[in-house]
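Shown next, in structure tokens, is the structure this report addresses.
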Amino acid sequence: MTASSQSVEPFDLVIFGGTGDLAVRKLLPALFHRFLDGQIPASSRIVGIAREALDDNGYRAQLREALVGVCAAAQLDVFLQQVFYLPLDARKDEGWDDFAAFIGNQPDHIRVFYLSTSPELFVDICNRLGQYKLNEGASRVVLEKPIGRDLASANQINDAVGKVFSESQTFRIDHYLGKETVQNLLVLRFGNALFEPLWNSAHIDHVQITVAETLGVGHRGTYYDRAGALRDMVQNHMLQLLCMVAMEPPSSLAPDAVRDEKLKVLHSLKPIDDSNAAQLTVRGQYRAGVAEGASVPGYPEELGNNKSNTETFVALKAEIANWRWAGVPFYLRTGKRLPSRVSEIAVTFKPVPHSIFSADAGTLAQNRLVLRLQPDEGVKLWLTIKHPGPGGLRLRHVPLDMSFAEAFGVQQPDAYERLLLDVVRGNPTLFMRRDEVEAAWRWAGPILAAWTASGEAPRPYTAGSWGPSAAVALIERDGHTWNEDSE
Ligand code: NAP
């Protein structure tokens, strides 16, 4: 049975921050796509909440503009009849009675409260939901990132939310986990006999995880400058990807079976702190340059502050201290204003132990499995073959290439489509458990502390380049290169 044919129970989905960028650009289009696939029961309601004084029709008009390109207008109008709006300031008393009356008192009805607002509002919103008993029964809460800016603030949010919603009702979203390729990583690893015997330090040379963006900080400068690349990307998305690559086979896909295994990986990460951060990490900040064919300003000009020490690029070498992975480097790099927008995991296998081919045949390249998360999700397995035809035995390194869109003739669903319906179904497998968030902060915190203690500014790099040259040196010191396929 395909995902699009699996029905869900009727539900109410309330989006706090319903007029915001995430809601309008991602959440509503995702819901609309699920509606078009017939997965949203007709009695379900989607409710936008924000302070702006709008009514249902005003909100629908805003959404119509954002969704109109997706499909024929007639279907859009039907969808929008299931969308409502209530003006509410999460910090004030007014409006909550009306909101609670609108939602109604039916604890068995699925009610999803998606907190797509600044995290500063999470506690106020949850407290109100608790006060009106909207946390009971089949209610669930979805928390957007960032969950805190360090371990202490993450604990504060989790403690406060935890007073109102149980852990099983709390869905901490990391949309990378909803990407088709990431789920496919589970299937490739555990649905094929081929990979698992090789999936260890005896056969894998190193792993690279790249999340590269071409955009600068744009209008998110105020948020970003308080966060930086390590908090914004590494502590959450990239560590989650690392866990999916490195975890032991879970006994099943039951939520805690998978999350227990991910947690063990996080606990096994070797610490990076004052003693080794200078060797194992590189931070950068972009300067003016050329991105996607146009001249772009540097981070200081975009931010309007030339004293910022916030990193817009990180490269680091992580290691997992356990039997499976001891000695295998995991290189992570992420940055803004890089030459291309690409997210991928590249697993490089060890060289063959002995070459039987003459030097004339060419060099024997190492096998590499590349899982691309965006753009064009897919998997490439690089193999060495004989160059076809006469002319002697010449070696060629070629990919077995499976672009999902080409192979299956369908556009891959956005990660939010999958994850939103998982929340409705109450399936938290692809969401972060509290102890995972804490373990990730426990590892990332000492890196941030080491950077602060060093007092060093991030290294400048030109917009449109692959980051500071020190990032190249970081990996080349170990005799490896960044995966050129992605560059
Ligand atoms: P945004 O565009 O600034 O939207 C914020 C929303 O919250 C607006 O609808 C705003 O509407 C509403 N809001 C603000 N104060 C409120 C209050 N006191 N009571 C009720 N509603 C209030 O932010 P965003 O980019 O959508 O991001 C939302 C959250 O998702 C943030 O935590 C962000 O870090 C996270 N996130 C965003 C993205 C993304 O791609 N945008 C990606 C990952 C995570 P009013 O001003 O009218 O109240």
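Glycine is no exception: its Cβ is also placed from the backbone N, Cα and C atoms.
Taken from TrEMBL, the feature active site, proton acceptor applies to HIS237. The Cβ of HIS237 (active site, proton acceptor) lies under 8 Å from the Cβ of ASP174, TYR176, VAL211, each on the same chain and at least six residues away in sequence.
Cβ neighbours of ARG51 (NADP(+) binding site) (same chain, under 8 Å, six or more residues apart in sequence): PRO87, LEU88, ASP89. DSSP assigns ARG51 (NADP(+) binding site) to coil in the three-state reduction, outside any helix or strand. Sequence annotations record features per position, and here TrEMBL assigns NADP(+) binding site to ARG51, LYS145.
When secondary structure is read from DSSP and collapsed to three states, ASP232 (substrate binding site) falls in the helix class. Among the features that TrEMBL reports, substrate binding site is placed at HIS175, LYS179, GLU213, ASP232, LYS336.
Look at TrEMBL and you will find 14-184 tagged as domain 'Glucose-6-phosphate dehydrogenase NAD-binding'.
Sequence annotations record features per position, and here TrEMBL assigns domain 'Glucose-6-phosphate dehydrogenase C-terminal' to 186-483. Across the domain 'Glucose-6-phosphate dehydrogenase C-terminal' (186-483), the prediction's mean pLDDT works out to 94.
Listed in sequence order, LEU373, GLN374, GLU377, ALA415 are the same-chain residues six or more apart from LYS179 (substrate binding site) with CB atoms under 8 A from its CB.
The substrate-binding residues named in the record, HIS175, LYS179, GLU213, ASP232, LYS336, extend over a maximum Cα to Cα distance of 21 Å.
Residues ARG51, taken from the binding-site residues ARG51, LYS179, GLU213, ASP232, are distinguished by a CB atom under 6 angstroms from ligand 1. Rounded to a whole number, the C-alpha distance linking LYS336 (substrate binding site) with LYS145 (NADP(+) binding site) is 18 angstrom. If you take the C-beta of ASP232 (substrate binding site) and look for same-chain residues 6 or more apart in sequence within under 8 angstroms, you find PRO146, TYR224. Long-range C-beta contacts of HIS175 (substrate binding site), restricted to its own chain and to partners at least six residues apart, with a cutoff below 8 Å, comprise LYS26, ALA415, TYR416, LEU419.
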